[in-house]
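Since the structure comes first, as structure tokens, the remarks are kept for the end.
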Amino acid sequence: MSVITTPIETLHLKSTLRLLPRAVYRSQVFPPNIFSNSSLSSPLRIDPISQGIGSRNLWRRYASDHFSEMGLDPEANSVKVIDKASIVDTMKKANSILPHVVLASTILALLYPPSFTWFTSRYFVPALGFLMFAVGINSNEKDFLEAFKRPKAILLGYVGQYLVKPILGFIFGLAAVSVFQLPTPIGAGIMLVSCVSGAQLSNYATFLTDPALAPLSIVMTSLSTATAVLVTPMLSLLLIGKKLPVDVKGMISSILQVVIAPIAAGLLLNKLFPKVSNAIRPFLPILSVLDTACCVGAPLALNINSVMSPFGATILLLVTMFHLSAFLAGYFLTGSVFRNAPDAKAMQRTLSYETGMQSSLLALALATKFFQDPLVGIPPAVSTVVMSLMGFTLVMIWSNEKEKNI
């Protein structure tokens, strides 16, 4: 075996390889079959870098790939501007501080309620509508093509949202009234939370843990949100109708205005006026975070007396147990269905987020508008905080677990 390389070239080769990621170094510089019997049958020759320039090409290819991910072209003299941003691309830039904002808003609302009391219930519907508009304007059909190839997972997510979750909500709502002797509107509020669609925060939680499944999570949430216009009022009538009057037609009209119309407006703006969409899109992440902060803090601040009342701890316990049961049900139900799938664990995490995280803001908006008793809005207000904190706690646990297994 002859090795033709000078000391200077060897030093240059080592420094170049040291800059490469470990995965690139192993898979591209030394492929798995390089030391097979067939390769040993002939001499191994390493050409000088000045002649073969193999490692330089390898480094150039690696740099080109990573510059392309950032929207740069190393072969050109100018920077390329990415015209369209998918939902996943937007999430990469946005909401990185959202878990901290949710926690900070909760603490601030409890310690100093006046900081959020100005955000009264009349702002809840427009605030939620803005979040739906942001979803629509960042939507791209290309994100969903791959996700729709997994109809079984989408169906399972829908079952978790509108079958498993309402059953759990009915159980805990009934327990609130019959076991813990809480007022009937409190039980109705827990049931209302279980009837709404999935939360957009579940998409971000999935993105943080399993980025490849983020489009699938978005499809499941979008489907449950789009059909909420009919499913949520009917479930509310079924679960709550015998306890409190439910305005089904009013709920349908409200969900059309709060969810469907803003999403449709965002999609149309993105499709018909892409330049306008590109101009306002960079401002949406920070506005969405501020919007979410107000939607989390305001319900607690406005209902601070009820939250801090003697039965406030019981409501917190029931809401926490409801969400915990939903997270666990989604996780183990998915494990039983997709046990042989290559990405079974990732699927379990994704559907756990989808089942355990609800659009509590929608439940709060409906409670404020269609139920005269303000107690109905307390469980959705508590759920907004509990669901967010539990979801992102699971993100930290599962992310650390993945890092240990790598």
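Each Cβ is built from the backbone N, Cα and C atoms, and glycine gets one as well.
Marked as transmembrane segment by TrEMBL: 97-117 (among others).
According to TrEMBL, the transmembrane segment annotation covers 123-141 (among others).
Marked as transmembrane segment by TrEMBL: 162-180 (among others). Beyond the transmembrane segment (162-180), the same-chain residues lying 6 or more positions past its ends with a Cβ under 8 Å from any Cβ of the stretch are 186-195, 224, 227, 231, 235, 239, 311, 314-315, 318-319, 321-322, 325-326, 329-330, 333, 355, 358.
Tertiary neighbourhood of the transmembrane segment (218-240): same-chain residues 87, 132, 135, 139, 143-144, 147-148, 153-154, 157-158, 161-162, 166, 169-170, 173, 188, 191-192, 194-200, 202-203, 246, 248-249, 251-252, 255-256, 259-260, 263, 351, 354, 359, 362, 366, selected by CB-CB distance under 8 Å and a gap of 6+ residues from either end. The annotation transmembrane segment is assigned in TrEMBL to 218-240 (among others).
Taken from TrEMBL, the feature transmembrane segment covers 252-270 (among others).
Away from its own ends, the transmembrane segment (282-302) comes close to residues 90, 93-95, 97-98, 101-102, 104-106, 108-110, 113-117, 119-121, 123-124, 127-128, 130-131, 134, 137-138, 361, 364, 377, 380-382, 384-385, 388 of its chain (Cβ-Cβ under 8 Å, at least six residues beyond either end). What TrEMBL lists as transmembrane segment is 282-302 (among others).
Positions annotated as transmembrane segment by TrEMBL: 314-338 (among others). Taking Cβ pairs closer than 8 Å, the transmembrane segment (314-338) reaches residues 152-153, 156, 160, 164-165, 168-169, 172, 175-176, 180, 182, 186, 190, 193-194, 307, 344, 347-358, 378-379, 382-383, 386-387, 390, 394 in its own chain, all 6 or more past its ends.
With a threshold of 8 Å between CB atoms, the same-chain residues lying at least 6 positions outside the transmembrane segment (377-398) that come near it are 99, 102-103, 106, 121, 186, 189-190, 192-193, 199, 201-202, 205, 208-209, 295-296, 299-300, 302-303, 306-307, 315-316, 318-320, 322-324, 327, 349, 352-353, 356-358, 360-361, 363-364, 367-368, 371. Annotated transmembrane segment per TrEMBL: 377-398 (among others), in sequence order.
Beyond its flanks by at least six residues, the transmembrane segment (252-270) meets 125, 128-130, 132-140, 197, 225-226, 228-230, 232-233, 276-277, 362, 365-366, 369-370 of its own chain at Cβ-Cβ distances under 8 Å.
Within its own chain, the transmembrane segment (97-117) is flanked in space by residues 201, 204, 289, 292-294, 296-298, 300-302, 304, 307, 385, 388-389, 392, 395, which lie at least six positions past its ends and keep a Cβ under 8 Å from the stretch.
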